[in-house]
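*Asks:* Could you have a look at this structure, given as structure tokens, before my questions?
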Amino acid sequence: MQKRVRNRLITIIICFCSACLGISIILYNLEKNIVFFLPPSKINAIEQGKELRVGGLVKTDSINKIADDKISFVITDNIKDFEILYQGALPALFRKGQGIIAIGQLSNGKFIARQLLAKHDENYRPPQ
């Protein structure tokens, strides 16, 4: 009887450890792919050079083309506005009123985005 209980306990411990290891691997890989962001109203004092994800809606009439591939625009969460500078190709869904996540850092009082992600609703249809 004692041996049977011991074997069952060992089996349960091995299954538990395997499940914990599997969950840890899944969460570690998800961490790299899930994009969390802060809305403009939650951004207070940002450290210079610290990587940050800022998200909100592109404010109407705030898109300014500075050069061929450089733009500035303002995102808002209807509480606070936040100016963003971006250089590169814009996402296909980028337009006024569209949800955007900007990944970048603060430099000399301006947020310099190195990547823009356009958010869409559940009825996404790629541009034709």
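The backbone N, Cα and C atoms fix where each Cβ goes, glycine too.
Quick paste of what Swiss-Prot says about this protein:
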TOPO_DOM  1-8  topological domain 'Cytoplasmic'
TRANSMEM  9-29  transmembrane segment
TOPO_DOM  30-128  topological domain 'Periplasmic'
BINDING   H120, Y124  heme binding site
*Asks:* Tally every other Cβ atom lying within 10 Å of the Cβ atom of H120 (heme binding site).
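*Replies:* Around the Cβ of H120 (heme binding site), 13 other Cβ atoms lie within 10 Å.
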*Asks:* Sequence-remote contacts (6 or more beyond its ends) of the topological domain 'Cytoplasmic' (1-8), Cβ cut-off under 8 Å?
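*Replies:* Here no positions qualify.
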*Asks:* I'd like to know the mean pLDDT over the topological domain 'Periplasmic' (30-128).
*Replies:* 83
*Asks:* For H120 (heme binding site), name the DSSP secondary structure in the helix/strand/coil scheme.
*Replies:* coil
*Asks:* With DSSP helix as H/G/I and strand as E/B, how many residues of the topological domain 'Cytoplasmic' (1-8) fall in helix, strand and coil?
*Replies:* 7 helix, 0 strand, 1 coil
